[in-house]
Amino acid sequence: MELKRDGLNRYRLPRHGKMRVDAVVYVNEHLLPYLREDKSLEQLMHAACLPGVVEPVIGMPDIHEGFGLPIGGVMAVAPDGVISCGAVGMDINCGVRLIRSDLLARDFDKPLLRRLMERIEDYVPTGVGKKGKHKGLTAHIFEDVAHRGVQAVIEAGFGAPGHLEYIEEEGCLPGADIAAVSREACARGSVQLGTLGGGNHFIEIQEVTDVYDPELAARFGLFRGQLTVMIHTGSRGFGHQICTDYTKRLAAVAPKYGIELPSKGLAAAPIDSREGQDYYKAMACAVNFAFANRQIIMTDVVRAFGDVLGFSAEAIGMRPVYDVAHNIAKWEKHYGRRLLVHRKGATRALCAGHPANPPVYRDTGHPAVVPGSMGTASYVLVGTEKAAETFFSVNHGAGRLLSRTAAEKKITREEFERAMGEVLYNTRNYREVVDEAPLAYKDIEQVVETLVAVGITKKVVRMRPLAVIKGKD
DNA sequence: ATGTCC
């Protein structure tokens, strides 16, 4: 493929064949070779063929092959174009919440961290197929959650109204309608609020080790030596079922609207069609579910801290720094136009002064929370004015390097344990999480530095993991 | 990612 260098760490795939626009990928010399190892470039080209797509389709430095749009992809579409469930992903509103505290990491030795992990696991079900522990309560408010997101769970006693301003979209994407969601999706979702899930999802206790921008860090409530908690999860079986349902439905009706689908995974329909509108309504339900899911899990984590430390949540200053989606489609204004921006494995990162920032972060830009792999560092970034060229988006993590099966074959116990170092983890057998080993992922430092060098983002702080809770049986 | 194959 004729990838052309287009400035520092930027490569352009010029429009050709059925592509309507160019694709642009951000990689440095370390990450560039990975592009040849999977079908992610081909998948970006497919996205560039869809009606209404706006130049360019973007690949982030953590890009890798997915179902439809690659993970690490951004696709903006004009109102006369299409909406695609394959450009949002199976785990709708998979995302990350960073929680601050007034606690110092140095006060937490390994036995104390172990007690915290165990108590968190008592409260938060982890692993595939698990049901929530607040089952009756959350099933009762399920429809309200789908429509109103975090507000509905705050009213049910999970957290405080003040948390809303620290969540993208204030925890509710407008336009959700449960009538567009299948009974099956509702049956799966209604019992899963407050659950972590499996795969790359986690709850991590961290220490802020590096502050790159003291003024911004202070504005975000972060400081060196601080204990933080990060939650990475999404919409569980609810979003998964919605994506499955609508991939079938949109693929079936695409020909009726004269749309030639470039791949099976990129099922799409016109934004203004009945089916496209229905997908948006259903997707918004899953977005709201996932924001609420992270809110419930946060309150359970704070409760665990309170139990173990003997303090109230207020006394230890725990609240969200920010909660960001990295699998979502949203209406946003770019270059003076209203566009439906699909981000799949990409994080919104608005610059200082951007009017779409939440009021608390209006003049700083909101924190863009970027987790590393299990056992490696995570970052808080902020977008710059130059991020306009990525529709104000940055990467969503380190990005997978090996498939789950390849990781299971290649990575030994010794390699896994060496990579984890002193980091505590909850699984007894490394085989349960070897597909999540740091060696199965790209180097988060290379990924972040790629965008920093281009000037799209600035580092605010870096956190190192102390203890990580992953899904297990 | 996922009641990891209805």
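Positions of Cβ are set from backbone N, Cα and C atoms, glycine also.
Note: TrEMBL annotation is automatic and uncurated.
Small disclaimer: the values here were computed from a predicted structure and weren't measured.
What TrEMBL lists as active site, GMP-histidine intermediate is A:H396. For A:H396 (active site, GMP-histidine intermediate), the number of other Cβ atoms no farther than 10 Å from its own Cβ, over all displayed protein chains, is 28.
For A:H201 (Mn(2+) 1 binding site), applying a Cβ distance below 8 Å and a minimum sequence separation of six or more within one chain yields A:T126, A:H232, A:T233, A:G234, A:K470, A:G471. Taken from TrEMBL, the feature Mn(2+) 1 binding site applies to A:D91, A:H201.
Taken from TrEMBL, the feature GMP binding site covers A:200-204, A:326-327, A:371-374, A:S378, A:396-399, A:K470. DSSP assigns A:H201 (Mn(2+) 1 binding site) to coil, not to a helix or a strand.
TrEMBL lists A:H232, A:H326 with the feature Mn(2+) 2 binding site. Counting every protein chain shown, the number of other Cβ atoms lying within 10 Å of the Cβ of A:H326 (Mn(2+) 2 binding site) is 31. A:H326 (Mn(2+) 2 binding site) carries neither a helix nor a strand DSSP state and counts as coil.
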Three-state secondary structure, A:H232 (Mn(2+) 2 binding site) (per DSSP): strand
Integer Cα-Cα distance in angstrom, A:I203 (GMP binding site) to A:D91 (Mn(2+) 1 binding site): 17
Conformational class of A:D91 (Mn(2+) 1 binding site) under the three-state DSSP mapping: coil
Alpha-carbon distance [A:H326 (Mn(2+) 2 binding site); A:G399 (GMP binding site)] in Å: 12
Among A:D91, A:N327, A:S373, A:G399, which are binding-site residues, the residue with the most C-beta atoms within 10 angstroms of its C-beta: A:N327
Neighbourhood of A:N200 (GMP binding site), C-beta criterion under 8 angstroms, separation at least six: A:H232, A:G397, A:E436
